[in-house]
Amino acid sequence: MIMELNNVTVEDGPDASKSHTQAANTPSNNEKPKPQLLYAINDNPPWYLSIFLAFQHYLTMIGAIVSIPFILTPALCMSDEDANRGIIISTMIFVTGIVTYFQATWGVRLPIVQGGTISFLVPTLAILALPQWNCPEQAEMDAMNEADRQELWQVRMRELSGAIAVSAMVQVVLGYTGLVGKILKYVTPLTIVPTVSLVGLTLFEHAADTASKHWGIAVGTTGMLTLFSQIMSNVSVPILAYRKGHGLEVRQFQLFRLFPVLLTIMIMWGLCGILTATDVFPPSHPSRTDVRLNVLTSAKWFYVPYPGQFGWPSVTLSGVLGMLAGVLACTVESLSYYPTVSQMSGAHSPPLHAINRGIGTEGLGTVLAGLWGAGNGTNTFGENVGAIGVTKIGSRRVIQWAALIMVLQGVIGKFGAIFILIPDSVVGGIFCVMFGMIIAFGLSTLQYVDLRSARNLYILGLSIFFPMVLCRWMQKNPGAIDTGNTTVDSTLSVLLGTTILVGGFLGCLLDNVIPGTPAERGLIDWANEMPLGDDNINDGTATDYDFPFGMDAIRRWKWTYYIPFMPTYKLKKQS
């Protein structure tokens, strides 16, 4: 079968599903124009093309994923030479792959990656900063034997694991019981804008730190990604292709539009390799390709992470309450991403049952991450949301392949460790583009509200600027809150130190308290994008979110019409 997509002709197998991208991108008279996509949500690219596209998603998230354990392990009192750092990294990515597959296949069924998040790292560091978890003096740790050193960090990991797993049960309940639908009535466009935009704005320091390792490489990476994804996106490259019955022939292939991120990383990584081999970069320079070689040499060839590998989790009230702030922040953040990703991937707006499943599955994934000892939860990964906008690839199948790559990398330690060698400056250049796109996607929700309204401008400005001021002050003054109760102190510190939570709460509160008309607030147009209340009726048209199989039986079982996470939930009775 031959598929022709925007002058790209791809040879496909006889059993492959037919692409509907062109139909998906053609709006009807009553629909909004959908983004021009090479592959929409239900399109299945050929397996070999899917692997390359999935690998691009893998490379997009790997830099940020592995950065979390490197920040976490010093707080766990682990030494830089501890080989268990590789196990923690592999565990996090292994669980990420499992949860991503279930989320894309059975959860919200959007092409999203469920990865580690800064939202969990902030309360994690707050918990480990409590007096009982402070690391001993270096001389005391050096005097410990191997068993004591291992128990030193594992007891802290068990504390985090219990806090993550138990607090995530709140998200499971919110999703699978449908209670998250109650929240949706108050999640307005002026709640979405600060929540999503502050993700990118908060991460600018992380992008600056990595890019500043070598500004020449970082700027070159950003410039090359801009060249490939924007300027040369319609440039076709001639390639040799074999077609049965015709033999070899020359085809035009849109290489730069399909693989801008992958090409950029490979070229700039190769350049850094040349500068390393010629000693242009001095020893220990962060842009050298061998600066993290110890991670590769210490990684195991084969290791399967398993629940309780560091001991069974312990549960304390202070840990659970502190980690709950990260769970709530992730819930609001994911609610913000679902309508954005659905629009970007050419899908229908997410119905209530899909949102319920998405939040519930995300919570279940975080529970699994806690039980596995990943030291972090899972959340909709913003970098990969940005990657969809850059590559114009919104296929669910690509994300499923990416999940498989993550699972394999979690099992084959050496395979994943190779990509940890990507220089920070290259990753920083990629972050400058991706985080900027996240900010832009958040601001794009302003299309629904009246920007001529002084009321809306006031809410918008305050809900974005005030969290940045407050959270920066909280970071510089970690002991500012002192009520005499460590549980209350850590909980308030986490709540007031998370920009996306403060911004989302402030935008939600002001938009629902300050008087304004529905049209002024953007509720009328927004209601067409997301179900906002219990009166929403499932008319059965949003088939993008149906289960991959078993739908005929589910539709026959009338009791499923009352289950909040089933595709038949509140399905309008057919005459």
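Positions of Cβ are set from backbone N, Cα and C atoms, glycine also.
TrEMBL labels come from automatic prediction, so no person has curated them.
Annotated features, as they stand in TrEMBL:
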type: REGION; residues: 8-35; note: region 'Disordered'
type: COMPBIAS; residues: 19-30; note: compositional bias 'Polar residues'
type: TRANSMEM; residues: 47-72; note: transmembrane segment
type: TRANSMEM; residues: 84-104; note: transmembrane segment
type: TRANSMEM; residues: 186-204; note: transmembrane segment
type: TRANSMEM; residues: 224-243; note: transmembrane segment
type: TRANSMEM; residues: 255-277; note: transmembrane segment
type: TRANSMEM; residues: 310-332; note: transmembrane segment
type: TRANSMEM; residues: 401-422; note: transmembrane segment
type: TRANSMEM; residues: 428-449; note: transmembrane segment
type: TRANSMEM; residues: 456-475; note: transmembrane segment
type: TRANSMEM; residues: 495-514; note: transmembrane segment
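No contact links the transmembrane segment (456-475) to the transmembrane segment (310-332), because fewer than 3 Cβ pairs that are 6 or more residues apart lie under 8 A. Counting Cβ pairs under 8 Å to the transmembrane segment (495-514), the top-ranked stretch among 84-104, 186-204, 310-332 is 186-204. Distant neighbours of the transmembrane segment (255-277): 38, 49, 52-53, 55-56, 59-60, 217, 220-221, 224-225, 228-229, 232-237, 287-290, 387, 390-393, 422-423, 425-426, 429-430; these residues of the same chain sit at least 6 beyond its ends, with a Cβ under 8 Å from one of its Cβ atoms. A Cβ distance under 8 Å defines the sequence-distant neighbours of the transmembrane segment (186-204), meaning residues of its chain 6+ beyond its ends; these are 118, 332-333, 335-337, 339-340, 382, 431, 435-439, 441-443, 445-446, 448-449, 456, 459-460, 463-464, 467-468, 471, 499-500, 503-504, 506-508, 510-512, 521-523, 526, 530.
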